[in-house]
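Trainee: This is the feature table in TrEMBL:
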type: REGION; residues: 1-26; note: region 'Disordered'
type: TRANSMEM; residues: 35-54; note: transmembrane segment
type: TRANSMEM; residues: 66-84; note: transmembrane segment
type: TRANSMEM; residues: 132-154; note: transmembrane segment
type: TRANSMEM; residues: 161-182; note: transmembrane segment
type: TRANSMEM; residues: 194-213; note: transmembrane segment
Amino acid sequence: MASNVELSERSSPRHQKNRPREEKEEVDYMQRAQWLRAALLGANDGLVTVASLMMGVGSIKEDVKAMLLVGFAGLVAGACSMAIGEFVSVCTQRDIETAQMKRAIETKISLSEIDEQEEEEKKERLPNPGQAAIASALAFSVGAAVPLLSAVFIENHKVRMAVVAIVATLALLVFGVTGAVLGKTSVVKSSVRVVIGGWMAMALTFGLTKFIGSEAMQI
């Protein structure tokens with residue numbers, strides 16, 4: 001009798017309401033890493049490329065129109081380049097993984113050990129070239145727009161250069177933190193790596209742009 005009462009209480013809506021929620025499905029971070037890598041790579045590239053080009057041109061010619069023109073050209077060219085490069089790269093990766101899956105299936109068929117559900121799950125995890133290309137192009141555009149928007153309304157040349165550098169640094173920090181949070185990795189390590197790497201790339205691009213521009217002005 002007592003067992004029947006206990007069973008009825010467990011099946012009652014009130015008891016079910018108080019029951020702890022079931023654990024959420026485990027996130028597939030390997031699947032997330034595909035688009036996360038493409039998005040962060042594109043954003044970092046866009047930011048570093050356009051910011052360094054703008055500062056390099058700005059160090060040669062104190063003209064906001066020239067800086068913005070170079071920055072916009074870098075945005076368009078870079079976004080297209082990132083999309084095409086990412087599409088080709090991921091297509092190659094997908095072809096390799098698909099060929100490997102076919103060889104594995106043929107081996108399992110000969111051994112009568114094929115699992116259709118497992119094979120379907122593997123197919124779903126294959127990288128998507130179109131998704132990677134779109135993510136890279138959009139991310140590059142977003143990253144490149146940051147220094148452009150930060151400089152467009154500033155008249156003073158020195159202030160404009162300083163603002164672009166500061167905004168670029170803050171944006172790199174945000175990208176590093178975002179990647180770490182979404183990928184469940186170390187925030188400090190990721191942020192430091194992105195900021196230092198971004199500044200190294202900007203310094204190199206800025207130096208070369210200034211040097212080549214100075215030499216061209218003398219000719």
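Note that Cβ sites are derived from N, Cα and C of the backbone, with glycine treated the same way.
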Trainee: Please indicate, using numbers and ranges, the residues of the same chain that are 6 or more beyond the transmembrane segment (66-84) and have a C-beta under 8 Å from a C-beta there.
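Mentor: Contacts with the transmembrane segment (66-84): 41-42, 45-46, 49-50, 53-54, 57-58, 133-134, 136-141, 144-145, 147-148, 151-152, 160.
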Trainee: Do we see three or more Cβ pairs under 8 Å linking the transmembrane segment (194-213) and the transmembrane segment (132-154), pairs being at least 6 apart in sequence?
Mentor: no
Trainee: State the residues, same chain only, that lie 6 or more residues beyond the ends of the transmembrane segment (132-154) and have a CB under 8 A from a CB inside it; answer 'none' if no residue qualifies.
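Mentor: Non-local partners: 34-35, 38-51, 54, 64, 67-68, 71-72, 74-75, 78-80, 82-87, 89-90, 160, 163-164, 167-168, 171, 175.
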Trainee: Please indicate, using numbers and ranges, the residues of the same chain that are 6 or more beyond the transmembrane segment (35-54) and have a C-beta under 8 Å from a C-beta there.
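Mentor: Same-chain residues near the transmembrane segment (35-54) but 6 or more away: 67-68, 70-71, 74-75, 78-79, 82, 86, 90, 131-132, 135-148, 151, 164-165, 167-168, 171-172, 175, 178-179, 182-183, 194, 197-198, 201-206, 209.
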